[in-house]
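Feature annotations, courtesy of TrEMBL:
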TRANSMEM  B:20-37  transmembrane segment
TRANSMEM  B:49-74  transmembrane segment
TRANSMEM  B:94-116  transmembrane segment
TRANSMEM  B:172-191  transmembrane segment
TRANSMEM  B:221-239  transmembrane segment
TRANSMEM  B:260-283  transmembrane segment
TRANSMEM  B:295-314  transmembrane segment
Amino acid sequence: MTPALETKGLIKRFGGLVATDNVTFRLEQGARHALIGPNGAGKTTFINLLTGVIKPTTGQIILQGEDITGLRPELRVQRGLARTFQINQLFPAMTPLETLGLAVSERMGGGRDWWRVIGSKTAIVDEIVEIAQRFRLTDVLDERTSKLAYGKQRLLEIAVAFACRPRVLLLDEPAAGVPEAERHELLATVAALPRDVSVLLIEHDMDLVFSFADRISVLVNGALFTEGTVEEVSTDPKVRAVYLGESVDE
Amino acid sequence: MLSNTADSVRASLNRRGRWKIGEIAFWLVAASTLFLLPERHLILNEIAIIGLFALSLDLILGYAGIVSLGHAAFFGLGAYAAGILARDGFADPLLGLGVAAIAAAVLGFVTSFLVLRGSDLTKLMVTLGVALVLGEIANQASWLTGGADGLQGIAMGPILGLFEFDIFGTTAYTYSLVVTFLLFVVARRIVVSPYGLSLRSIRDNALRARAVGIPVNRRLVAIYTLSAAYAGVAGALLAQTTQFVSLDVLAFHRSADVMLVLVIGGVGYLYGGLIGAIIFKVLQDVISAWTPQYWQFWIGLILVLIVLAGRERLTERVRALWPRSRGRTVDRPQPLTTTPAREV
């Protein structure tokens with residue numbers, strides 16, 4: 001089966017610094033795959049390469065069997081590769097309803113429609129409702145995004161990406177900074193993402209990684225250090241040495 | 001539950017497009033001035049034109065976050081296009097409007113690729129430069145534009161072959177007001193459409209806009225082009241209704257004034273340009289009658305006070321007294337957000 005997302009020999013150099021060092025990586029269909037690594041390991045660069053914010057020095061990126069290495073970011077989104085951001089990137093002045101409406105109508109090609117209002121299309125309305133319910137946003141739909149509780153903003157962050165109907169979803173530390181009281185809701189929503197979406201999770205929080213992922217890749221100094229199931233990686237002494245350290249030792 | 005939510009979602013989304021009572025009243029008052037203020041039609045005509053010009057700037061500044069100090073380039077090009085056309089015997093006003101709109105749109109489209117790269121400062125400088133270049137071209141090409149003497153000999157035909165321009169400016173004002181109203185309706189439609197929503201999202205956060213699949217640059221090119229066409233029409237209206245075009249239409253103070261008008265009226269809700277134009281022109285009229293040489297001093301002072309006092313706060317207070325008009329204009333953050341729109 002073609003993997004959902006694949007990189008071949010991906011290299012990114014910034015001057016003398018090799019930020020991504022020959023990464024060959026597979027994200028299987030329907031996977032729950034976590035990418036971990038110490039600070040400065042190149043996780044962010046890797047994400048930016050995948051989404052097209054920066055171009056690789058060499059190497060290939062393949063989405064659902066199609067080479068997307070040269071595609072602009074928005075075209076990758078249109079082909080089913082969406083991401084969330086570690087630090088919320090929302091539209092503070094818009095409501096969650098407008099934000100979701102925007103994402104859904106863009107996906108349906110409505111962004112070029114300059115004559116009708118969004119609400120006139122039943123398909124869009126239905127999908128907004130479905131997403132709002134899935135991400136527990138129904139009761140805050142008409143509030144200003146900047147006024148939402150942080151946990152809700154975090155949910156919206158994922159909901160917007162989900163509204164792009166991705167085949168592959170990159171979650172960049174989805175639970176970062178979420179207070180304990182709102183955490184459960186967020187994790188439950190992430191766990192309930194449908195299986196036809198393949199998820200790559202970039203995360204520091206080992207509890208979340210172990211509860212969510214079925215495979216883990218470890219990135220060290222820009223290169224793939226090791227990869228395996230949760231058991232393999234969490235018991236690998238080399239991984240403990242470079243990264244997990246006390247967080248597994250208890 | 002599900003259908004309830006769907007209904008409220010639909011209602012909420014559709015509400016954005018609905019006309020408020022205050023808006024209808026605004027246009028009724030505007031129309032009533034045709035009959036109630038017959039001796040003021042000349043200045044009202046100017047107000048309508050400046051209002052339309054400011055509206056065109058609001059489309060890029062208020063909705064897409066593109067700052068410009070050279071919007072007069074499009075205004076002036078439209079004015080010259082319509083003026084030259086009329087001088088050379090094509091006296092139909094609507095033809096002139098169309099040609100001016102197209103000419104300005106072409107210039108807007110071409111220069112958008114220069115403007116949409118770089119920071120706000122770059123945008124200010126590039127737009128300023130484009131207007132200066134155009135001003136100098138108009139100055140040098142005196143065989144076409146009349147140069148520093150201005151474009152003479154414009155004779156307009158009747159509008160739609162029916163309505164002759166008169167010396168009291170009544171036809172002129174009616175014409176400008178109707179054109180401004182129609183273009184306003186179109187602009188209003190655009191800003192509440194999905195396309196308009198995508199512009200606002202780009203203004204708020206271009207990074208995220210790209211991440212939901214919005215082709216940011218293409219959208220900005222489109223609105224810049226449209227805004228240029230609007231400014232061109234405003235310029236054409238001025239040329240046609242005053243039957244004269246001078247280098248003044250391309251001058252820096254035109255670009256600065258229109259920015260000032262928009263700041264006075266407020267960005268990002270379309271009425272800002274119109275209201276700002278009324279305040280600006282009335283102030284100019286009143287103050288210059290009182291102190292002809294120093295009116296700019298007072299305008300400057302008022303501008304400083306408005307910006308320091310925060311028009312946001314002033315309008316919020318008015319809006320709090322007027323709960324019905326809330327909702328549409330609340331979604332307005334700082335106007336001058338950066339749009340890092342690279343890679344055109």
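Glycine is no exception: its Cβ is also placed from the backbone N, Cα and C atoms.
If you count C-beta pairs under 8 angstroms between the transmembrane segment (B:94-116) and each of B:20-37, B:49-74, B:172-191, B:221-239, the highest count goes to B:221-239. Distant neighbours of the transmembrane segment (B:172-191): 17, 27, 30-31, 34, 41-42, 44-45, 48-49, 51-52, 55, 59, 63, 93, 97, 159, 163, 165-166, 199-200, 226, 230, 233, 237, 240-241, 270, 274; these residues of the same chain sit at least 6 beyond its ends, with a Cβ under 8 Å from one of its Cβ atoms.
Take the transmembrane segment (B:260-283) and the stretches B:20-37, B:49-74, B:221-239: counting Cβ pairs under 8 Å, B:49-74 has the most. The list of residues near the transmembrane segment (B:221-239) in space but at least 6 beyond its ends in sequence, with Cβ under 8 angstroms from a Cβ of it, reads 46, 48-50, 52-53, 55-57, 59-60, 63-64, 66, 71, 74-83, 86, 96-97, 99-105, 107-109, 111-113, 115-116, 151, 154, 175-176, 179-180, 183, 187, 190, 195, 199, 245, 249, 344.
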